[in-house]
Amino acid sequence: MTAHRKLTIREAYVEASLFLHKHNVSEASACAELLLQHLLGWTRSELLLRWNELFPVERSEEWGHLLERKAAGEPVQYIIGEQEFYGLVFEVKPTVLIPRPETELLVEQVIRLGKQLWPEASGSGGARDGVGSDQPVAGGIGAAGATNVPVIADIGAGSGAIAVSLAVHCPEWRLLSSDISRAALAVAAANAARHGVGPRVTFLEGDLLTPYIERGLRLDAVVSNPPYIPDADEEGLQPEVRLYEPRTALYGGADGLELYRRLVGQLSQLPAMPALVGLEVGIGQAHAVASMLRDIAEWDEIDIIPDLAGIERHVIAVTYTRTDESGT
């Protein structure tokens, strides 16, 4: 689709919305607006203020190409290269999962409980013994030995949405974030730098908790949104998910629970059990994951938190008095 005749910005938007709707694009109008903002380099407010200006005819070919990509099913977030999450804008590429709104609720719960668990945490930097000596992919943990600074591990970094959001909103915390994909870690590290928290987020390459276990790192909290879609559900997914988002970030084995079994099974291999474990889960998986956590440790609370659609989406396990291996 191209617009070589003279149109206002608004007219170009209306035509684009109709074009995308005709190609069965969900939320066609919202997609057209995002693509216009991207093309013109404008904020939404600027777009609305300049609604009646003429569409720049020299951008017509590029505009048509953007619309054709969206009409073919490509996620708008990959086209514009960004997605908003927890009030922050993240770079996204096809090498990482697009952050979802429901994951914001997981971040919210971790912040709420973390402030209860570590009210004494200061913003002075530092980390637990054994953490600061590691050589990170990007960022750093700071000086070892400041035991009042909680260390939070985000398993499955992806775009860095969880770890970076926690680092931005809880500047007194130290963040570790790992992923099996080096390409994903590069995106996550770029997002940490973008939001000014690069020095407080260390990125590690490896599978689930393995990089932490190998380094003997003691973690106060483990947070993860692992792949949880059952393999058999692949054909039922929306094409923009199935055809464009990375498979390694989507599928969780025959029943979708493979990564949870492995992750929960590794918790006991850490130097001490984390005080907080927060996991996002798929539809119908919450009670099975809660049972896994219940089987490996004594928790003060294991809560199942619904998302805004009422789906049981997050499993949060907390212990308010943690005892390390020495009994102290």
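Including glycine, each Cβ sits where the backbone N, Cα and C put it.
Binding site for S-adenosyl-L-methionine per TrEMBL: GLY156, ALA157, GLY158, SER159, GLY160, ASN225, plus ASP179 from the candidate set ASP179, ASP207, ASP233, ASP255. When averaged over the domain 'Release factor glutamine methyltransferase N-terminal' (11-81), pLDDT in the model lands at 96.
Distances between the Cα of PRO226 (substrate binding site) and those of the binding-site residues GLY156, ALA157, GLY158, ASP179 are shortest for GLY156.
It is GLY158 that, of the binding-site residues GLY158, PRO226, PRO227, has its Cβ surrounded by the most other Cβ atoms within 10 Å. Each residue contributes its Cα atom, and for ASP179 (S-adenosyl-L-methionine binding site) and PRO227 (substrate binding site) these two points are 12 Å apart. Taking every pair among GLY156, ALA157, GLY158, SER159, GLY160, ASP179, ASN225, the residues listed as contacting S-adenosyl-L-methionine, the largest Cα to Cα separation comes to 12 Å. Taking H, G and I as helix, E and B as strand and the rest as coil, DSSP gives the domain 'Methyltransferase small' (152-230) the counts 31 helix, 20 strand, 28 coil.
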